[in-house]
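Asker: This structure is in structure tokens; I'll ask about it shortly.
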2 protein chains.
Amino acid sequence: MNWRPSWLHGYNRWQAGQDGLAALIVSLMLIPQSLAYAMLAGLPPVSGLYASILPLLGYALFGSSRTLAVGPVAVVSLMTAATLGPLFAPGSAEYVGAAMLLALLSGLFLVAMAMLRLGFVANFLSHPVISGFISASGILIAVGQLKHIFGVAIGGETLWQLLPALFGQLPALHGTTLAIGAGSLLLLWWVRSYLKPCLLRCGVAPALAGDLAKAGPVLAIVVSILLVTWLQLDQAGVKVVGAVPQGLPGLRLPVLDLQLALQLLPAAVLISLVGFVESVSVAQTLAAKRRQRIEPDQELLGLGAANLVAAVSGGFPVTGGFARSVVNFEAGAQTPMAGVMTAAGIAVSVLLFTPLLHNLPQAVLAATIIVAVLGLVDLGSLKRTWHFSRADGAAQGATLGGVLLLGVENGILLGVGLSLLLFLWRTSRPHVAVVGQLPGSEHFRNVERHSVVQSPSVLSLRVDESLYFPNARYLEERIGELIAARPLVRHLVLMCSGVNLIDASALDSLEAIAERLRSAGVQLHLSEVKGPVMDQLKRSDFIECFGGQVFVSQYQAQQALDPESAQRALAR
Amino acid sequence: MNWRPSWLHGYNRWQAGQDGLAALIVSLMLIPQSLAYAMLAGLPPVSGLYASILPLLGYALFGSSRTLAVGPVAVVSLMTAATLGPLFAPGSAEYVGAAMLLALLSGLFLVAMAMLRLGFVANFLSHPVISGFISASGILIAVGQLKHIFGVAIGGETLWQLLPALFGQLPALHGTTLAIGAGSLLLLWWVRSYLKPCLLRCGVAPALAGDLAKAGPVLAIVVSILLVTWLQLDQAGVKVVGAVPQGLPGLRLPVLDLQLALQLLPAAVLISLVGFVESVSVAQTLAAKRRQRIEPDQELLGLGAANLVAAVSGGFPVTGGFARSVVNFEAGAQTPMAGVMTAAGIAVSVLLFTPLLHNLPQAVLAATIIVAVLGLVDLGSLKRTWHFSRADGAAQGATLGGVLLLGVENGILLGVGLSLLLFLWRTSRPHVAVVGQLPGSEHFRNVERHSVVQSPSVLSLRVDESLYFPNARYLEERIGELIAARPLVRHLVLMCSGVNLIDASALDSLEAIAERLRSAGVQLHLSEVKGPVMDQLKRSDFIECFGGQVFVSQYQAQQALDPESAQRALAR
């Protein structure tokens, strides 16, 4: 673990210029996103801005990616809302305090994982689970934001709850709000799909055209603020952001309510893991493009630091964001100094520009969220995964359906549980082949695929998998079955060329197998045991007690146990 | 699945004689055990007898073992007490009803597992977890039963609760009860350790000597009943079993309280899994001795049926017991008819002999439990496991400590969680070797172990593990690391001879790796992909899209990508 960033050494003017330009572009993108994700998380808009200042510094100091842009992101904001929504009134002081506590717990958990080098725990979240989770989150977020577009008030955490509530409120929809919301959706969709080709055709340089196309949200915000101010639409019932406190966040610890902390802990763990997985995959993708490296344990530390400072500066859980990191990278960011400069940009905005945001309609923020998250929904991926592997497809489908219908936490736990179950099922039945001697050679092959010579008194089995607890019992059953069908057999040779590991469960199984075979008048032997596996077996008394021999090769085993058959096969 | 037992066909007189003898001996053993385990489970003694009648018939009809003896067992009784103790007053009608409901849930769960062929789920309980759990249960049970030996009243589910309560009550101990309890313990211990050699020296036949030595509990019971009756010790405050209802259990469903059922479900699942694992390992050990076979899914059905009939006949959760199955086997039982006859024996006892049990002291039952369960405690196993493998030892130690200090359910969940975590950790870092060409051959070997020829522009990696979600991310990191250190490399060949499976997570990783390599100017290729893995890859668009080639052998890859280096190595 290293807290002294290597990039600081030899930082030069060219890098500073590049970082500064990237920071300017990312800041412009981050302001509307921060406001929108704070609204999604059920927090006052200023919390989003606070979460985009100090956390960026925290990550810059400890993270290992040079171009990752940290801050509030859609999925983590949804998880924050799903955790705190049932407990407190959104936007209340208790809610804000609990969000800070959630960030604190998340930060502590991430730092603890870094210290214990537990980054591998994120492997519990397999790709199909993550993918199903993100698609479902996108749908849930988009449906949840429709209330701001329609100008109605509904609550709910699952499709079951959201859709009926939304339809029930349709008669009460607010026309002007709908006009603004739908207009923003159309504008954002047009900018996203058509602005760049349009600008290119007009002769604008590609890089500039790309940046302008990403400025759609800023455009929508400026236009809508002007419109609301000019027509005094806030007087006509269009909900606006309202007064945003001016000035930097004060540093203060969240209220340390131990009982609440225990209640929030499972959600904090899940938020941390999901955020970490998302962030690391973005960071790795970007780092590889410049042949740089990401250290997962260092990333844990960086994200942990970001969340800890979010917790003491009025923020909420943050992580690395995909879209803004790509913009940062493409705008030429060279070092985490770009993050520091972005933080400075947001800080200046909070100091100077928040009064300008008063008349920003909530419907416009909702529209920017909807357009952003619909890009996350990839239902085709479910079909591809199912086609590739039924087991993975089932895990992805269960996560998707689970998140939509049972809520965020239950859905992800369902997916993780199912993928562990399917994984056990898959590895619980390793390939075990009966082998015989290839005529005229010392090689042993699967009797079902080759025409080989088998000895009547010696049964040879090849196991194509490490022996550990998921498959220990299966081996016992399989051998029992094979022996029960072959009354003449007196020796069983286990060919271990494919065995990379034997754990304690498998050792017990081997002992049980040896004993059961012995009581049935059959002796167990091993052959072709790899060095490390043999070292491990020697740490138990198995080798002394099992009564059989360990042969270097399967042919030697055959020669020792049934020399006649071995010679006959060799001579053919 | 088969419900028509194959052994019924051709059942003969010799088998009937053998089965009858075994049934007589097992019945004698089962009566005190049934009373004792019912007391351990917090139920009236007669519940234990009821649980030893119909469940034996249920198993005989559907189970696949010919010699397994089913009934109440120590560990499952402890789990029943731990589940119901905090909810109801032991021995009350609600408690009895809840125990029946628990057996119903357990039976339904086992039958559902059988129908869905989910026997492999028991693999979640690795051997170290089971072993730690059983040792800890033995200690907990023994300490818990001391209250009956001392004649005091205490409660508690963990060592934290039991030990202080016991010491606190010591001043109140009941002398006569202690004398009877300690006397029984001594008698049972002497019978267990010295009676058999003693009888052998006196010229008794070994088989009979063994059976007599196992009749210790019956001896203790008869002697103590006579003593209590003669000296009227029940008047002197020695707690006795009291009136045991005479007659067979009436058939009735437990009260179907849905909320209670939901509350009991997790415990029922755990009880079912633990019972199944225990029972199957006993059944397999015995079946192997006669070259018979056990079908795990059929076993699930048999145990499920046993628990379902326990639920409707006033019983509680049952499973196959180790000691009584061994006695049944050694006494010569040939078919499940021995179980049917044992059930008849217990039924006759309930009809005729229960009045004789009135004066049986609880302290004697406690002594039989203590002597039986101390045989389950094997702390040496923890040391052996730790010596064999740190990871397995940690899982076993955590389960042992967890059960003793946090209770039965929490302990087992801790163990399962830790062993899954350690398993992920172990498989998350597969062996990845950089390989080079052995001079003068077409073989490729690990560069760290052999003096081989490496091409400067082609990096060849061999992965010795299937590619699936626990290690998908590690491969991305490892390749990123290797490529970052080798700026001259233009091709990366992944040698897949050790890859038996690629799941959706690994497929995503391979796609990410290919793309990241491409953006760093390196092309990914594969070599020596096994047939089934290739079939699976073809179900995605990876092969078309990754831009590289799939070579039959590593040598062909080298020849195609850097012919000069391949030829040079071959010529050396």
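Using N, Cα and C of the backbone, Cβ positions are placed for all residues, glycine too.
Keep in mind that TrEMBL annotations are predicted by a computer and have not been checked by a curator.
Sequence annotations record features per position, and here TrEMBL assigns domain 'STAS' to A:448-572. Here TrEMBL flags A:21-40, A:46-62, A:69-89, A:95-116, A:128-150, A:170-191, A:212-233, A:264-288, A:300-318, A:338-357, A:364-382, A:402-425 as transmembrane segment.
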Asker: Is the count of Cβ pairs under 8 Å between the transmembrane segment (A:338-357) and the transmembrane segment (A:21-40), pairs 6 or more apart in sequence, 3 or more?
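Answerer: Answer yes, regions in contact.
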Asker: Could you pull the average pLDDT for the domain 'STAS' (A:448-572)?
Answerer: 88
Asker: Under 8 Å, at least three CB pairs between the transmembrane segment (A:69-89) and the transmembrane segment (A:170-191) (pairs 6 or more apart)?
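Answerer: In this chain the transmembrane segment (A:69-89) does not contact the transmembrane segment (A:170-191) - fewer than 3 Cβ pairs sit under 8 Å.
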Asker: Under 8 Å for C-beta pairs, could you tell me which stretch among A:95-116, A:128-150, A:212-233, A:402-425 has the largest tally with the transmembrane segment (A:300-318)?
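Answerer: Between the candidates A:95-116, A:128-150, A:212-233, A:402-425, the best contact partner of the transmembrane segment (A:300-318) is A:95-116.
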Asker: With Cβ distances under 8 Å as the criterion, find the stretch in A:95-116, A:128-150, A:170-191, A:264-288 that has the most pairs with the transmembrane segment (A:212-233).
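Answerer: Answer is A:170-191, with the largest number of Cβ pairs below 8 Å.
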Asker: Contact between the transmembrane segment (A:170-191) and the transmembrane segment (A:21-40) is defined here as three or more C-beta pairs under 8 Å separated by at least 6 residues; is that satisfied?
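Answerer: Between the transmembrane segment (A:170-191) and the transmembrane segment (A:21-40), which are separate recorded stretches, there is no contact, as judged by 3 or more close Cβ pairs.
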Asker: Taking residues 6+ outside the transmembrane segment (A:402-425), which of them lie with a CB under 8 Å of any CB in it?
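Answerer: That would be 78-79, 82-83, 124-126, 128-129, 132-133, 136-137, 139-140, 157-160, 266-267, 270, 274, 391-392, 394-396, 470.
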Asker: Quick one: DSSP breakdown of the domain 'STAS' (A:448-572) into helix, strand and coil?
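Answerer: The breakdown for the domain 'STAS' (A:448-572) reads 61 helix, 21 strand, 43 coil.
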Asker: Count, for each of A:95-116, A:170-191, A:264-288, A:364-382, the Cβ pairs lying under 8 Å from the transmembrane segment (A:128-150), and report the range with the highest count.
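Answerer: Stretch with the highest Cβ contact count: A:364-382.
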Asker: Please identify the stretch among A:170-191, A:264-288, A:364-382 with the greatest number of Cβ pairs below 8 Å relative to the transmembrane segment (A:95-116).
Answerer: A:264-288
